[in-house]
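**Q** Sharing the record's features from TrEMBL:
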REPEAT    244-278  repeat 'PPR'
REPEAT    279-313  repeat 'PPR'
REPEAT    314-348  repeat 'PPR'
REPEAT    349-383  repeat 'PPR'
Amino acid sequence: MPELFPLRRTFGTASLGAVRGAARRAIPEGPLERCHTGPLGCFPCSAPPSRSYLLAATTSVRSFAGRPPSLRRAPATNIRQGCLMRALLHEDPHTARTNSRMTVRYLQWCGSDNDDNNDEAIEAFKRDCSTADNISSSDATASTAYIEKLSRSGNLADAVRVLRHLHDKRIHVGLDTFNVLLQQAAEANGFALFAKVFRYLLLSKLAPDSTSYMNVTKALQKLDGCELMLKFVREILEITQDRDPTVMNRVIFAMAKYGDIDKSLIIFEELKKDGTSLDVVTFNTILDMLGKAGRVDQMLHEVKLMEELGHYPDIVTYNTIINCSRRLGRFDLCRRFAREMLERGVNPDLRTYTALIDSFGRAGHITEALEMFDKMKMSHKPSVYVYRALISDVKKAGRFELAQKLSEEMNSSALDLLGPEDFKQKERRFRSKR
């Protein structure tokens with residue numbers, strides 16, 4: 001679009017505020033309904049703008065400075081190129097930086113795989129790596145170094161283009177390279193680039209690790225609204241439709257771990273629509289998140305829905321519910337679900353016993369706590385935690401002699417008791433299954 005480029009000569013390098021002033025004088029206020037409206041803002045006519053259009057217009061706006069006042073009035077015919085300029089007018093001047101929301105929208109439109117600069121980036125890659133069109137897997141090391149160099153130098157878009165080129169050539173980079181790109185894209189608010197990198201990771205032979213999912217969380221937390229996030233989720237579901245729900249389970253788990261409960265629930269609601277993208281682990285993750293947040297009623301609702309959808313509680317489900325209920329003082333729920341799990345033939349494990357013993361003790365039912373403790377010792381090695389919890393509860397009930405007896409028993413068998421390291425190993429195994 002040649003009429004845009006004179007803007008660069010006319011605007012010079014003035015401030016963004018000067019651009020707004022000139023644009024306000026030139027662009028008539030009018031209904032935005034006539035413009036293309038999408039999740040990323042309003043743009044003119046019937047189709048999203050091309051990358052070259054955005055690049056030219058944005059460059060013009062950002063370079064409007066340093067000119068004499070007489071040259072700062074932009075021709076109306078040039079500024080009337082549409083709502084891209086109007087979008088800039090509506091942008092907060094204090095957020096017009098590299099990591100602004102406008103940049104996120106800009107990168108979304110510029111994120112097409114069919115990029116005009118794609119050939120140029122690939123040619124530069126081939127020259128620098130001294131490779132030909134038929135590069136082989138032996139060049140993966142050099143390719144990886146080239147991508148990471150581009151990424152760390154801030155040229156993330158070209159790094160992703162090269163990554164796509166290697167993907168098309170079936171040349172695989174390592175997981176660390178993917179994680180570097182994911183981190184850089186998340187920090188730069190380049191969600192379109194981030195989504196591409198994660199897509200290529202899922203299509204590779206590599207499995208995302210905890211670092212990958214942490215970067216997913218960071219990227220999703222920076223998004224305003226849900227539309228882009230849900231589009232990202234649907235794309236993941238499409239890629240992983242022939243696999244188990246592990247990827248989405250770990251996305252939800254990571255989101256919940258870093259405190260973004262609401263977005264985790266939005267993703268969960270999207271998974272319910274599909275039905276096939278849920279399993280018991282998905283529900284267990286949601287139940288744990290809701291329980292820790294104190295949302296008991298919502299947790300119980302999801303337990304009911306879980307069975308309606310054909311997913312039946314396992315030992316992790318019951319432990320999650322009982323532990324969360326214990327922490328919230330809902331000992332009635334502890335008793336109810338303990339009875340239910342026994343009726344369904346789900347055998348309690350050490351975590352179940354520990355939670356039940358402590359819940360009975362806190363409620364002042366010392367006799368029941370002791371009975372549960374004796375039953376536990378018949379099939380499980382006691383832990384330091386269950387002894388400490390029981391001793392504390394017995395003291396609160398005024399049973400000091402019994403507390404002293406339990407303390408002596410704990411000390412005499414200290415070497416045989418399960419300690420913190422045993423639970424850490426179990427926790428690591430549990431998280432790896434998620």
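Cβ atoms here come from the backbone N, Cα and C positions, even for glycine.
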**Q** Please give the sequence-distant neighbours of the repeat 'PPR' (244-278): residues at least 6 beyond its ends with Cβ less than 8 Å from one of its Cβ atoms.
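**A** Residues packing against the repeat 'PPR' (244-278) from afar: 202, 208, 210, 213-214, 216-217, 220-221, 226, 229-230, 233-234, 236-237, 285-286, 288-290, 293, 305, 309, 311, 434.
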**Q** In the repeat 'PPR' (244-278), how many residues does DSSP call helix, how many strand, and how many coil?
**A** 26 helix, 0 strand, 9 coil
**Q** Is it possible to list how many residues within the repeat 'PPR' (279-313) are helical, extended or coil according to DSSP?
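**A** Counting residues by DSSP class gives 26 helix, 0 strand, 9 coil.
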